[in-house]
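Per Swiss-Prot, the features are:
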{"type": "BINDING", "residues": "ASP63, SER64, ASP102, LYS132", "note": "3-methyl-2-oxobutanoate binding site"}
{"type": "BINDING", "residues": "ASP63, ASP102, GLU134", "note": "Mg(2+) binding site"}
{"type": "ACT_SITE", "residues": "GLU200", "note": "active site, proton acceptor"}
Amino acid sequence: MSEQTVYGAASDQPTPKPRVKVRTTHLQKWKAEGHKWAMLTAYDFSTARAFDDAGIPVLLVGDSAANVVYGYDTTVPITIDELIPLVRGVVRGAPHALVVADLPFGSYEEGPRQALATATRFLKETGAHAVKLEGGERVAEQIATLSAAGIPVMAHIGFTPQSVNGLGGFKVQGRGDAAEQTIHDAIAVQEAGAFSVVMEMVPAELATQITGKLTIPTVGIGAGPNCDAQVLVWQDMAGLTSGRTAKFVKRFGDVGAELRRAASQYADEVAAGVFPAEEHSF
């Protein structure tokens with residue numbers, strides 16, 4: 001190996017392109033090219049930095065923080081004031097990812113004026129690049145107002161967790177006669193100006209049909225393999241969630257077990273007087 005190669009001047013490998021900030025236009029381009037991409041939730045600086053380093057292009061600061069950060073049973077109780085500090089941390093930790101902030105229940109349903117005030121606050125106070133809200137035709141006016149104001153909107157149809165009480169629990173949406181309404185919802189949010197749409201717990205065949213109909217990217221969670229992108233709650237994805245998880249979850253690691261092992265070893269070494277050792281002392 002030559003000295004030039006060691007210092008990078010004459011390497012046979014192509015020079016890696018510097019990473020660029022992901023924009024909504026990239027997602028549109030990827031759909032046109034048939035390039036699938038991954039989205040993960042994130043709720044703090046350190047996790048966001050790890051996911052950004054891993055090349056995850058889109059991070060969602062979801063109202064799922066209600067469950068995995070604050071310990072609520074559903075996403076309904078979480079407030080704007082509880083979400084905003086989390087979004088700030090994620091934005092600071094992920095210089096390359098597109099960061100999307102969830103609008104919590106009760107912060108946009110009254111109409112376009114309320115939705116605009118809430119979304120504006122999120123963008124101004126956190127640095128988020130886009131917002132997400134739940135609903136199809138019923139929130140089309142809110143989406144149109146935000147889009148007209150220059151605020152990128154990710155829509156969310158199918159099973160909408162904020163409506164869990166009205167939907168009668170965690171149930172697949174869009175089966176049978178309800179499929180037509182799900183299609184109408186997808187078209188409505190696209191026409192209103194959404195740059196992408198999450199489809200949650202929708203039959204795979206229906207999600208495939210909708211993905212083919214839309215020009216904006218679809219993001220699946222429990223919606224089969226043919227969406228343009230996929231999203232998971234990171235604690236589910238990494239194996240930190242304890243107990244039973246949804247059918248659509250695949251565990252790609254066992255972070256929970258490793259955390260328990262490390263914490264147990266730390267406690268044992270402190271109790272035994274092994275830690276801190278000389279090399280950890282000044």
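Each residue, glycine too, has its Cβ placed from N, Cα and C.
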To see if you understand the setup: which same-chain residues, six or more apart in sequence, place their Cβ under 8 Å from that of GLU134 (Mg(2+) binding site)?
HIS156, ILE157, THR160, PRO161, GLN162, SER163
For the recorded Mg(2+) site formed by ASP63, ASP102, GLU134, name the remaining residues of the chain with Cβ within 8 Å of the site's Cβ center, in chain order.
GLY62, SER64, THR75, LEU103, PRO104, PHE105, LYS132, LEU133, HIS156, PRO161, GLN162
Please report the number of other Cβ atoms within 10 Å of the Cβ of the residue listed as 'active site, proton acceptor'.
23
Any idea what the Cα distance is from ASP63 (3-methyl-2-oxobutanoate binding site) over to GLU200 (active site, proton acceptor), rounded to a whole Å?
14
For the 3-methyl-2-oxobutanoate binding residues given in the record (ASP63, SER64, ASP102, LYS132), what is the largest pairwise C-alpha separation in angstrom?
12
In the three-state DSSP scheme, ASP63 (3-methyl-2-oxobutanoate binding site) belongs to coil
Validating a neighbour-count step here. Other CB atoms within 10 A of the CB of SER64 (3-methyl-2-oxobutanoate binding site): how many?
21
With an 8 Å cut-off on Cβ-Cβ distance and a minimum sequence separation of at least 6, pull the same-chain contacts of ASP102 (3-methyl-2-oxobutanoate binding site), or say none.
LEU60, VAL61, GLY62, ASP63, SER64, LEU83, VAL131, LYS132, LEU133
